[in-house]
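The structure under discussion appears below in the form of structure tokens.
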Amino acid sequence: MIIWLAELLQPYFSFFRLFEYLSFRAIVSILTALGISLWMGPRMIKRLQMLQIGQVVRNEGPESHFSKRGTPTMGGVMILAAITITVLLWADLTNPYVWAVLAVLLGYGAVGFVDDYRKVVRKNTDGLIARWKYFWQSAIALVVAFALYAHGQDTAATQLVVPFFKDVMPQLGLMYIVLTYFVIVGTSNAVNLTDGLDGLAIMPTVLVAAGFAAIAWATGNVNFANYLHIPYIPHSSELVVVCTAMVGAGLGFLWFNTYPAQVFMGDVGALALGGALGTIAVLVRQEFVLVIMGGVFVMETLSVILQVGSYKLRGQRIFRMAPIHHHYELKGWPEPRVIVRFWVISIVLVLIGLATLKVR
């Protein structure tokens, strides 16, 4: 929005040329989203407390979590608000990639909102029926997948980029739709599974978003794309503004979500952020790098799959509890230790993911 205003005023005030620079808009995007989150935080927490919208804690969970019962949840609303407002202000709204990410962010946020509402307001611990949650996640992902395929069919935007191999970029064809579907839905649910401790999900989300900001910038710059032997995708650099908005909003939320948390993001935040990360990975053609950088999310998801599979096939559990962060809690690790160590793992994995762009 502001970029349009700047274009109108440029002939009269040279200062407004500054708004054309992606680097400037990326910086102010972080600051804007951070400011909105910090401003909304206390007000939203107070409002949630007044409405008695508190966290529902499973009785079979770790005993240390019983003290979290009643902590305000659905704080993801302020994350989505901060991201959306920031993107509308600072991004180029003629860019279809920006709208693709916003569509998934808000669509999945709506699904998560209904799920949270049923849990904490209707006092239904199961929330939205699983098949309906999966149906709406699938519907949104498929609509976006078909739209992106139609927009970039048989171009670099629908190639598969394989890490470590600079000349391996097969054209996916219709398999692009299938891959896009699984990346968006899978990442959304993976982030949701990770969101079980104070700050555990939001910090890796911030780190992965920061990593994708760098990747989006390189992918949208023909010189850097050629240098790194990755597909040059015109206009993908505008996703830098979206990624930095996620970074700023996430850091602002972390201010209130750090241990001991004053508010939880709920499904409205976790499903939306995961879906947005998956969409960005698809748009910049770095699905494999998402698996590396988002390794904490992958680890949490695999722990659940292995736990359920082992119990059904052998009647035995592999972990004391899944997702795996609960396993370490039950081993006696204090919650802050689990959180910070998972953060450290995430930092290392993001750096490895970025390194794969050069190691080819």
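Cβ from N, Cα, C; glycine included.
What Swiss-Prot records for 21-41, 73-93, 94-114, 132-152, 168-188, 199-219, 239-259, 263-283, 288-308, 338-358 is transmembrane segment.
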Residues from the same chain, set at least six apart from the ends of the transmembrane segment (288-308), whose C-beta lies under 8 A from its own: 161-163, 183, 186-187, 189-191, 193-194, 204, 207-208, 211-212, 215, 274, 277-278, 281, 317-319, 322-325, 327, 342, 345-346, 349-350, 352-354, 356-357
Residues from the same chain, set at least six apart from the ends of the transmembrane segment (168-188), whose C-beta lies under 8 A from its own: 104, 108, 134, 137-138, 140-142, 144-146, 148-149, 154, 156, 158-162, 231, 270-272, 274-275, 277-279, 281-282, 287, 290, 294, 297, 301
Which of 73-93, 132-152, 239-259 contacts the transmembrane segment (21-41) most, counting Cβ pairs under 8 Å: 239-259
